[in-house]
Amino acid sequence: MVLEATMICIDNSEWMRNGDYSPSRLQAQTEAVNLLCGAKTQSNPENTVGILTMAGKGVRVLTTPTSDLGKILACMHGLDVGGEINLTAAIQIAQLALKHRQNKNQRQRIIVFAGSPIKYEKKALEIVGKRLKKNSVSLDIVNFGEDDDEEKPQKLEALLTAVNNNDGSHIVHVPSGANALSDVLLSTPVFTGDEGASGYVSAAAAAAAAGGDFDFGVDPNIDPELALALRVSMEEERARQEAAAKKAADEAGQKDKDGDTASASQETVARTTDKNAEPMDEDSALLDQAIAMSVGDVNMSEAADEDQDLALALQMSMSGEESSEATGAGNNLLGNQAFISSVLSSLPGVDPNDPAVKELLASLPDESKRTEEEESSSKKGEDEKK
């Protein structure tokens, strides 16, 4: 296994926004760099990898050579895109970072991802290449994008020729297409190195060729932490989607329930209104009838019947009084002995001198005497009052 310190130069220029490499040049490059860092650190525990960017406001070192893969991958997030790459300055700064490596036994290697046009002339690039060769620094170049630029491959080939010593440097031209940038690089010397593919690279290539054999295309035997992180992330996303779907279903059910409640309330109000309308109709009818009676529009037959009953009662009352007076007059006549005696004497066959008739007449009260007594008693009462 080769003990090596590597600096990877990333192209973050404006051309990385293009989508000729899925999903974009920058994303495809980032995936390839992540896989390359894993291959380097897994091939030898003492290998170190550093990252720098070539565009933007200037060349910027994201991390110096380190064996901490987590630190290397973390510095790749949130890259700024813009400007043009400064290839010669980036190579010189990468060489300086390798010169200050902690383990001097490590071989030095620079890997350049060039996805945008090269503005430098061949002569300037050859000068930089010769300097690398003098300091025993190997160079790998990944040329992608700008397929119609014929000068770009020639410039990069000239740079590689100036650096190459014992075929320790390599260049890979990756045309745009359906294949991912990382998948193409897996079988190239950039990944496999001069001594053949390591176990990590071979397993990664097998996973890329048959990614459906493992969850998320990652073999848990090679990188269990990555496989676990991907699985946890997928479970969290699934739980979030299920919660969102459940919430949407609950909201839809609540809306339907509210609609049914509103419909039932409207029906209840309508029924109550109909029920209340009937008594009001009756009250209105009674009110109309009372008004009609007050203006004389109602049939007064019942009142006429009551008047007839009242007249009949008055007539009966007066008849009773007349009968009482007649009875009183009759009683007065029967109480008069002279009248009875004259009546009996006028009857044929009746002898007024008969003792039985006389006894009967004697038993009758003398009305005249009673009248005189009443008059005398009334006079005495008047005298006493005086």
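Note that the numbers count up from 1, one per residue, in the order the chain is shown.
Using N, Cα and C of the backbone, Cβ positions are placed for all residues, glycine too.
What Swiss-Prot lists as domain 'VWFA' is 5-190, and the listing cites sequence analysis. Within the model, the domain 'VWFA' (5-190) shows a mean pLDDT value of 93, rounded to a whole number.
What Swiss-Prot lists as domain 'UIM 1' is 221-240.
Positions annotated as compositional bias 'Basic and acidic residues' by Swiss-Prot: 241-260 (among others).
Sequence annotations record features per position, and here Swiss-Prot assigns region 'Disordered' to 241-281 (among others).
Residues annotated as compositional bias 'Polar residues' in Swiss-Prot: 262-271.
Under the heading phosphoserine, Swiss-Prot lists Ser263.
Marked as domain 'UIM 2' by Swiss-Prot on the basis of sequence analysis: 282-301.
What Swiss-Prot lists as domain 'UIM 3' is 305-324.
Summarising the annotation, Swiss-Prot assigns region 'Disordered' to 344-386 (among others).
As annotated by Swiss-Prot, compositional bias 'Basic and acidic residues' applies to 366-386 (among others).
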What else in the chain is close to the compositional bias 'Basic and acidic residues' (241-260), if you only count residues 6 or more beyond its ends and a Cβ gap under 8 Å? none
